[in-house]
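J.: From Swiss-Prot, for reference:
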ACT_SITE  Arg133  active site
ACT_SITE  Ser179  active site
ACT_SITE  Glu219  active site
BINDING   Thr85, Asn92, Arg96, 133-136, 172-174, 188-191, 217-219  NAD(+) binding site
DOMAIN    49-250  domain 'TR mART core'
SIGNAL    1-45  signal peptide
SITE      Glu219  site 'Transition state stabilizer'
Amino acid sequence: MNKLTERVLCVGVSGLILFSVAALVQGTKKCYANPVRNRAASRVKPYADSFKEFTNIDEARAWGDKQFAKYKLSSSEKNALTIYTRNAARINGPLRANQGNTNGLPADIRKEVEQIDKSFTKMQTPENIILFRGDDPGYLGPDFENTILNRDGTINKAVFEQVKLRFKGKDRKEYGYISTSLVNGSAFAGRPIITKFKVLDGSKAGYIEPISTFKGQLEVLLPRSSTYTISDMQIAPNNKQIIITALLKR
């Protein structure tokens, strides 16, 4: 029953995926030949380039819990990660302001950063995987944050074309840590920018849901000072979100 067979798999490549328990909405579909489990009813989608995307909460959580058990984090590392999830801006703000330089940071924040950095020596992805993040218009910077949305909340297409010219095909560096999720869930429904991170096998990334302050986010944390390449930018079918595809550099 679990043997792999070659058949055509249709996957959503530009649409928004939202869930409310079992609800699922997908956008435009495109078909690729891919090995998938015969009749296995798996809701993990292999893409043509072999990146895995979860669309089912329970399957995503089971996968994440399995990874977390492998990390063997110390109590100090767990505590620092929990503190981060409680108020990420408290740590990321100073890191961004200092372009990743920890010199001059308050002693307590510097200590937490050291422990979080240490945890990444134990946390990595066992396979290529898709992670999601939702952002507000401020992600696009002062040139676009106040003009990218029309009054009705839809994307201003003329401004979007300028955004693509500015960002598509370019690298972006984040001096703070990057909080992502295993699923594109309802928590992102109100965010106008959704980034789909392609994360390569062996990349530093940690599933920290079991020790997160706010449960249910299925959070995967990426290291500070990560760089990623924005390979594609599309407007979602509902015309209210920009879907960014980005490859995380190792």
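Along the chain as shown, the residues are counted starting at 1.
Glycine is no exception: its Cβ is also placed from the backbone N, Cα and C atoms.
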J.: Below 8 Å Cβ to Cβ and six or more residues apart, same chain only. Which residues does that give for Glu219 (active site)?
T.: Thr85, Ser179, Thr180, Ser181, Tyr207, Ile208, Glu209, Ser212
J.: Can you tell me whether DSSP puts Leu218 (NAD(+) binding site) in helix, strand or coil?
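T.: SS state of Leu218 (NAD(+) binding site) = coil.
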J.: Looking at the domain 'TR mART core' (49-250) alone, can you tell me the average pLDDT?
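T.: Mean pLDDT across the domain 'TR mART core' (49-250) comes out at 97.
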J.: About how far apart, in whole Å, are the alpha carbons (Cα) of Arg133 (active site) and Leu218 (NAD(+) binding site)?
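T.: If we compare the Cα positions of Arg133 (active site) and Leu218 (NAD(+) binding site), the gap is 11 Å.
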J.: Taking the Cβ of each of the binding-site residues and counting other Cβ atoms inside 10 Å, which one has the highest number: Asp136, Glu174?
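T.: Top count of Cβ atoms within 10 Å goes to Glu174.
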J.: Look at each of the recorded positions, Ser179, Gly190, Leu218, and point out the one with the fewest other Cβ atoms around it within 10 Å.
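T.: Among the recorded positions Ser179, Gly190, Leu218, the sparsest Cβ neighbourhood within 10 Å belongs to Gly190.
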